[in-house]
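Below you'll find the structure, written out as structure tokens, and then a few comments.
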Amino acid sequence: MDIREMDLKRQEANALFKKQMIDEALEIYKTSFLEATKSVVPGTRNDLLEEQLSLLAYNISVVYYKRKNFPKSLAFGLESLKHRKSDKVLCKICAIYLRLGMLREYKEMYDQMVTRSSGPEVAFLLKRMKLSEVIVEKHLEKRVTLESLHELSKEISGGRSIPADTLESILEQGESILLGCENVVHTESSGEVLIFGDTHGQYFDVVSILNKVFDKDRMVIFNGDYVDRGSHSVENFALLLSLKILFPGRVHLTRGNHELSDINRVYGFYDEVKRKYPFSSDSVYRRFQDAFRALPISIIVNEKVFITHGGLPEAPVKVDNLQEIYRMTDTHTDELLKGLLWSDPEEILGTEESKRRAGVVFGADVTARFLERNGLDLLVRSHQAVDDGYRVHHGGKVVTIFSAPEYEGSKGPGSYLVLNPSAGEADEIVEISPLTRYKAVKFGRSDGKEVLRLLCN
């Protein structure tokens, strides 16, 4: 493919992009970029070819930005800069840094651009970005620290609400980090991994158990449904999001069905926000929804354990398909997303209609097919209040974990799951494969006044 053909292909893709035919445009951009890289001759530089490589990489970056896949957008933005310096690309990378919560990188690049001699277009972009630069300065000053989180915990224990400006800062910082996650987060751990299910606003119970089990050698995963029903939903999600900000590689959060606005507006969370923030409830509630929409859908641990809030969709699916879901939504139009957030396992074959009117009831054969197709050993999900906070389905291939003790007046405990337990009686530990072992641990209610006391680094 010569330079002229590359340019024509790129213009064809641009036309498709303008018509909102995003998938078709991306395919042409990527194919053309790959062909262009084959034309590079080592040890020589062709300025026209470098220009096409830069433009194509930038176009790909823009598509991924539009899809809110900011890590890939950043990768292709930086690739574009390798081939040609461009103020427009620098501005785009600034915007990506901001969305990813990479505030210092944003500030450094913004300062560089201010000192560059730029044309009127870039001057206009910089003027628009000035507000973001002010926000970044504010967040660098109000960045969450372990010390500030401890102090906030003391205030909550004393019966006081989180100040609205502090809460909105936590939500903005957390959203930026969550936006940097793919739909399905792949993570590795050689140590224990603790998985918690629904916590439903039971903030003090969460603080109590974290004080006992959270340390520098353990990864912690919370599997959705942080809000509604309990009386401290605001504090519960703010705490867990703060831990995600502080320990982004060790704390992971997924989205549950109660992180959908049409659910949490009805089941208590919206009323809690109005009660605690009467003068800024709309703004605070909107900030929460922005953060909820940014939550990843699923997590895979050590390429063997698949964690998602609800269960499996009706149609056969591979993990790669899940990465293409548009998750920044509150609608129920995507069948894959509905299945992941709403479905439940039963001892049946195939699938049946769910009484929830969303997702399906799925059987052991559906589980086996999904695990086999994706090279997985175990599905961990939440979504249902079960006896003892823990239930095994489908011959041990599916585990439900529920972490709200004495939920809605019941007497049952909460539980969390320990992957790769380092200790435990032989009859406590379930071995799915040589690489996948787990045990469930029960816990009860706190005294309702717990203060966070994390001593890890």
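We count from 1, first residue shown onward.
For all residues, glycine too, the Cβ spot is worked out from N, Cα and C.
Annotated Mn(2+) 1 binding site per Swiss-Prot: Asp198, His200, Asp225, in sequence order, evidence recorded as similarity to another entry. The annotation Mn(2+) 2 binding site is assigned in Swiss-Prot to Asp225, Asn257, His309, His383. Residues or ranges marked as active site, proton donor by Swiss-Prot on the basis of similarity to another entry: His258.
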Give me the Cα-Cα distance between His309 (Mn(2+) 2 binding site) and Asp225 (Mn(2+) 1 binding site), rounded to a whole Å.
8
Find the shortest Cα-Cα separation between Asp198 (Mn(2+) 1 binding site) and the recorded positions Asn257, His258, His383, and name the residue that gives it.
His383
Chain-internal residues, separated by at least six, CB under 8 A from His200 (Mn(2+) 1 binding site):
Asp225, Tyr226, Val227, Asp228, Arg229, Gly230, Ser233, Asn236, His258, Ala404, Tyr407
Could you tell me which three-state DSSP class Asp198 (Mn(2+) 1 binding site) falls into?
strand
Within 10 Å of the Cβ of His258 (active site, proton donor), how many other Cβ atoms are there?
25
If you take the centroid of the Cβ atoms of Asp225, Asn257, His309, His383, the listed Mn(2+) 2 site, which other residues of that chain have their Cβ within 8 Å of it?
Asp198, Asn223, Gly224, Gly256, His258, Gly310, Leu341, Trp342, Ser382
Within the same chain, and leaving aside Asp198, His200, Asp225, name every residue whose CB is within 8 angstroms of the centroid of the CB atoms belonging to the recorded Mn(2+) 1 site, in sequence order.
Gly197, Thr199, Gly201, Gly224, Tyr226, Val227, Asp228, Arg229, Gly230, Gly256, His258, Ser382, Phe402, Ser403, Ala404
Cβ neighbour count within 10 Å of His309 (Mn(2+) 2 binding site):
25
Does DSSP give His309 (Mn(2+) 2 binding site) helix, strand or coil?
coil
Tertiary neighbours of His383 (Mn(2+) 2 binding site) (same chain, Cβ under 8 Å, six or more apart):
Gly197, Asp198, Gly224, Asp225, Gly256, Asn257, His309, Gly310, Gly311, Trp342, Asp344, Thr400
Within 10 Å of the Cβ of Asn257 (Mn(2+) 2 binding site), how many other Cβ atoms are there?
24
Enter the number of other CB atoms within 10 angstroms of the CB of Asp198 (Mn(2+) 1 binding site).
30
